[in-house]
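Colleague: Here TrEMBL flags GLY68, GLU69, SER70, ARG133, ILE173, ARG174 as L-glutamine binding site. Sequence annotations record features per position, and here TrEMBL assigns active site, nucleophile to CYS101. Under the heading active site, charge relay system, TrEMBL lists HIS217, GLU219.
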Amino acid sequence: MPSALPEDFSKRDKLAIGILEVQGAFNEHHVALRKAQKCLNIPDLEIIGVRHPDHISDNMDGLIIPGGESTTISLFLKRNKMDEPLRKWINSKGHVTWGTCAGMILLSKQTENQKIGGQPSYNLAEMDIDVSRNFFGRQINSFEAPVKLKQTLFVPADFKNCDTDDIYHGVFIRAPAVVEICSPEVTALATLDRSGSGQTEVIVAVQQGNMLATAFHPELTDDVRWHTHFIEMTCRRTKLKNMDH
């Protein structure tokens, strides 16, 4: 199990992570990041609330796009002229982005089950995945279930708040799912067993380069492995960025 930050990551380095504060459990992400910071013994982590184009800057190393209603979030970004700055930021070397639930939809290049006659959405369209909105049904069909990890997540060596290395307790709220991976650059990190519903395993977490997406809500559990994994990704990308300066 990976259990240490990159050896060349100096504890004097400051890390800045933004959370898009439009909808969703952004406060819970904030709390989970602080727990992960403590687990990883990182003394200097700045958490930035992102609500305006001016908040999107190269000083921010990582960004979390929480859940909510993807169309509402995308319209907010468009109307407030945040969509293009976000695309530029995501594509800049050294920046790491994580979308949860609606955030996964916003990051996907293709989406299915768009509401007929509904508002058009303006996805950031950066990940080579095809995502089905509301794959598991409506709000009333929300559920919790064990998620199978295809790769061991980055966690501190003394982390005890999980049952096994390869299982994660997933909270699914009107959740999407990845129905197709459209590039070999995309790695499936977690799946959900739907054999009882006549389906095969469903992909519910993916990673592509500096982008991470989960269909479920890790911020609503006490298990911070996804947040430590995201911080570790950000630390590594930050080091690469700093080496170019």
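Cβ from N, Cα, C; glycine included.
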Colleague: Please identify, from the recorded positions GLU69, GLU219, the residue with the sparsest Cβ neighbourhood, meaning fewest other Cβ atoms within 10 angstroms.
Modeller: GLU69
Colleague: Under 8 Å between C-beta atoms and at least six apart in sequence, can you list the same-chain neighbours of ILE173 (L-glutamine binding site), or say none if there are none?
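Modeller: Those within reach of ILE173 (L-glutamine binding site), by Cβ under 8 Å and sequence separation of 6 or more, are GLY67, CYS101, GLN139, SER142, HIS217.
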Colleague: List the Cα distance (Å, whole number) between ARG133 (L-glutamine binding site) and GLU219 (active site, charge relay system).
Modeller: 20
Colleague: Just give me the nearest neighbour of GLU219 (active site, charge relay system) among the binding-site residues GLY68, GLU69, ARG174, Cα to Cα.
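Modeller: Closest by Cα distance to GLU219 (active site, charge relay system) among the binding-site residues GLY68, GLU69, ARG174: GLY68.
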Colleague: Hey, for the L-glutamine site built from GLY68, GLU69, SER70, ARG133, ILE173, ARG174, who else sits with CB inside 8 A of the CB center?
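Modeller: Filtered neighbour residues, in order: GLY67, CYS101, ALA102, ILE105, ASN134, ALA175, PRO176.
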Colleague: Which of ARG133, ARG174, HIS217 (the recorded positions) has the most other Cβ atoms within 10 Å?
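Modeller: Max Cβ neighbours within 10 Å, all protein chains included: HIS217.
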Colleague: Rank the recorded positions GLY68, SER70, CYS101 by how many other Cβ atoms lie within 10 Å of each Cβ and give me the one with the fewest.
Modeller: GLY68
